[in-house]
Amino acid sequence: MTFKKTLYITGSEWFAIALGTLAVSVLLNRMADFFHSNALYNTGIFFLFLGMVLFLILFALWTARTFVFPNVILEDWNNLNRISFSTVVPLSMMIMNVSYISYYPSKIISLRYLSYYNYIFDFIAILLLSFYLGYKMYTKNIEKGELTYAELIPPVALSSTVFLGKRIIPLGGINADLVYFMILMGFGIALFLFLFIGIMAFTSHIRDIKSSESSPVLVLPVGVSSILVINIITLSQLPGIFNIPLTVALFASVSLWSFELWNFIVAMLVSIKKVFHAKPGISIWAYTFPLAVFSISSLKLSFIFKSNNYIYPYNITFYTGIIAMVILIIAWTYAVVITLIFIKRFNIQSQKSSS
């Protein structure tokens with residue numbers, strides 16, 4: 001009975017645990033490239049396989065839940081937050097795919113094609129889920145406080161295909177033009193969804209929510225701006241007609257990075273006040289992915305500044321990225337502890353209610 005109750009609460013939002021762990025792996029992979037560190041590289045591999053194991057466990061529980069409780073299918077696909085978190089599933093698959101080929105490059109053509117088609121499949125899945133979320137937002141009677149920053153997850157997932165897609169292009173023997181086109185599609189859709197959904201979510205949060213439990217999702221706009229910064233820098237490095245000048249990319253990136261720095265500081269101030277007073281739960285995992293991409297975007301900017309001998313901008317962005325990385329590791333560790341406490345308390349309460 002206790003297991004069935006645990007199974008019942010294992011919705012799509014639980015995949016944030018796997019995504020947060022994979023985000024640490026992605027950051028460590030980038031840090032290993034930046035600093036040429038074998039220790040960071042090996043630690044990144046550990047987090048990659050840990051994230052894979054967590055994803056497989058959660059996917060098995062999530063799938064079993066739909067068979068044991070068929071009624072949750074209709075409930076989940078009518079819930080804006082659950083629809084949004086469903087995009088974490090293909091996003092996690094894409095990160096696992098891209099991270100694996102980053103750590104273990106393969107010369108086997110069949111494996112290269114497998115990675116390529118996996119990227120295409122995940123992109124289409126994220127795109128379809130974003131279509132469905134848009135449809136539900138237009139047609140569903142949205143209750144007070146129902147619209148949150150969690151609805152930014154699909155555009156974050158879409159825009160993640162940009163910097164992840166860059167790792168797919170060098171595989172060789174694939175249709176790189178299609179990947180370039182998909183990258184621009186993801187960037188364009190995500191950019192305007194950020195604007196429209198972000199404004200609505202901000203208004204809803206200020207007016208209707210403001211609870212301690214919801215405070216972790218305040219960091220999601222940091223991920224939004226960070227993703228855009230990474231995307232613009234990535235687009236400046238694409239060849240041919242898809243390329244944009246580095247000067248234009250840097251101008252836009254610094255402007256967006258400044259806004260994400262503001263978001264980051266505000267989110268951290270709110271978190272210090274509220275998150276430690278919240279009941280144990282899995283919402284704490286909302287911190288991990290945005291912090292990872294914020295750190296990556298800061299470090300990417302810092303090395304561009306360094307290559308052009310801009311010392312002060314380099315120092316500001318570099319140390320901001322390092323601080324974000326340290327906070328990410330602390331947040332990940334804290335999230336693990338809080339999740340274990342939540343599961344333990346839930347099981348104890350389930351046993352008491354069953355007896």
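Glycine is treated like the rest: Cβ placed from N, Cα and C.
TrEMBL entries are annotated by machine, without manual review.
Quick look at what TrEMBL annotates:
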TRANSMEM  6-28  transmembrane segment
TRANSMEM  40-63  transmembrane segment
TRANSMEM  83-104  transmembrane segment
TRANSMEM  116-135  transmembrane segment
TRANSMEM  178-203  transmembrane segment
TRANSMEM  215-236  transmembrane segment
TRANSMEM  248-272  transmembrane segment
TRANSMEM  284-305  transmembrane segment
TRANSMEM  317-343  transmembrane segment
Check: So which of 116-135, 248-272, 284-305, 317-343 has the most C-beta pairs under 8 Å when paired with the transmembrane segment (6-28)?
Finding: 284-305
Notebook entry, point to check: Which residues of the same chain, at least 6 past either end of the transmembrane segment (284-305), have a Cβ under 8 Å from a Cβ in it?
Noted result: 16-17, 19-21, 23-24, 26-27, 30-31, 34, 150, 156, 160, 216-217, 219-227, 229-230, 233, 246, 250, 253-254, 257, 260, 264, 271, 275, 278, 311, 313-315, 317-318, 320-322, 324-325, 327-328, 331-332, 334-335, 338-339
